[in-house]
Amino acid sequence: MPFVELETNLPASRIPAGLENRLCAATATILDKPEDRVSVTIRPGMTLLMNKSTEPCAHLLISSIGVVGTAEQNRSHSSSFFKFLTEELSLDQDRIIIRFFPLEPWQIGKKGTVMTFL
């Protein structure tokens, strides 16, 4: 159950229509998870400073069980997500940061319990 959060200082008017659906599909492919399990949040218009600059930038936060826990996994994921984001948002790679957060099943609540018991 991946959670993907895109935070950017780009205004909402510069976010391509349907980005949430394409980011969901890309995440499912990249992380090899079912698309109906991916949760996407996009936060445009944020106040962000990166590398001492307020030029357009983005932070991508990816949390998931079992697929973002090693450097080898995340190197591959990072390459794919960077390709997606640079194309979709027209940002250079040095204006994007990705943070990976491995989760345990007991850290996600669903259907009145936690994933451990589902």
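Residue 1 is the first one shown; counting continues down the chain.
A Cβ is built for glycine as well, from the same backbone N, Cα and C atoms used for every other residue.
Straight from Swiss-Prot, the features:
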- Pro2: N-acetylproline (MOD_RES)
- Lys33: N6-acetyllysine (MOD_RES)
- Ser90: phosphoserine (MOD_RES)
Least surrounded among the modified residues, given as Pro2, Lys33, Ser90, when other CB atoms within 10 Å are counted: Ser90
Rounded distance in angstrom between the Cα atoms of Lys33 (N6-acetyllysine) and Pro2 (N-acetylproline): 8
Spatial separation of Ser90 (phosphoserine) from the residue listed as 'N-acetylproline' - C-alpha basis, Å: 24
DSSP state at the residue listed as 'phosphoserine', helix/strand/coil: coil
